[in-house]
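Chemist: Take a look at this one; I'll ask things after.
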């Protein structure tokens, strides 16, 4: 059995048909560039506009930063493979892709943003005190620390395993499951730890989101006027759209029976999760938010600063 601790792999998740590869290259390149543009503009708008220096937009800027980094760890290699028709990747390159700080950060930030919306809707008078800048910074700092720690543990454990040499990974990036299937060593510890961390981080974050929105909907139901209900829900609509998009693609990618592993549906869901969702997130917020749209128009020269100031 030919095994090594530093093997090379072949990513074979993409179509081998030349015409399909050309189409996928153009499609993924467009999505990647659109995601870079959208997230960069949103970061620029939030950073330069004092009206957007609020907790909600601070968390959103962190999410845009995470999405930029997340797509950049996966998309360039995917595009290279489609262009060169060569899916080879080194073990170190695989570990770099697997350093899943950004996937964990998406999960944690969406939970923090749900708590932020809960405080804003349910306790509006106390909101400035509860979500003061120092506390927002601590929440984001803890999230980055936890995400890095979890990824570091996975990397250290994976580096102790041996893998079959020059084997195909039936995916377009080095994901945890497909990588473990190629292990020559006993990977039970890695699998058990993954299940435990998924339970602690994934389920607890999802519980925070569900619990926050349960309280939000209960509070909104007690608002007497229809206009008040619409105004309260409007502050949550963009975030709720992002939550639904994120978790639906994650569930479609990872919550599946073993018999469906490596299926085309799984790969489509993975593309949605790694490329489409990070691309759509900034547009979901900018298209539904007047403040963000006004700031972007000013940055792009479509609206003067004087007009922007009078609209506030």
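Cβ coordinates are placed from backbone N, Cα and C, and glycine is handled just like the others.
TrEMBL entries are annotated by machine, without manual review.
From TrEMBL, for reference:
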| type | residues | note |
| --- | --- | --- |
| DOMAIN | 38-285 | domain 'G-protein coupled receptors family 1 profile' |
| TRANSMEM | 22-44 | transmembrane segment |
| TRANSMEM | 95-115 | transmembrane segment |
| TRANSMEM | 136-157 | transmembrane segment |
| TRANSMEM | 195-220 | transmembrane segment |
| TRANSMEM | 232-255 | transmembrane segment |
| TRANSMEM | 267-287 | transmembrane segment |
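Describe the structural surroundings of these features, if you would.
Modeler: In the predicted model, the domain 'G-protein coupled receptors family 1 profile' (38-285) shows an average pLDDT of 85.
Sequence-remote contacts of a segment are chain residues at least 6 beyond its ends whose Cβ falls under 8 Å from one of its Cβ atoms, and for the transmembrane segment (195-220) they are 104, 107-108, 110-111, 114-115, 117-118, 121-122, 146, 150, 153, 229, 232-233, 236, 240, 243, 247.
Residues of the same chain lying 6 or more positions beyond the ends of the transmembrane segment (267-287) and with a Cβ under 8 Å from any Cβ of it are 13, 28, 31-32, 34-35, 38-39, 41-42, 45, 60, 63-64, 67-68, 70-71, 74-75, 171-173, 175, 238, 241-242, 245-246, 249-250, 252-253, 293, 296.
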Chemist: Cβ under 8 Å to the transmembrane segment (136-157), counting only same-chain residues 6 or more beyond its ends: which ones?
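Modeler: Same-chain contacts beyond the flanks: 55, 58-59, 62, 95, 98-102, 104-105, 108-109, 112, 176, 189-190, 193-194, 197, 201.
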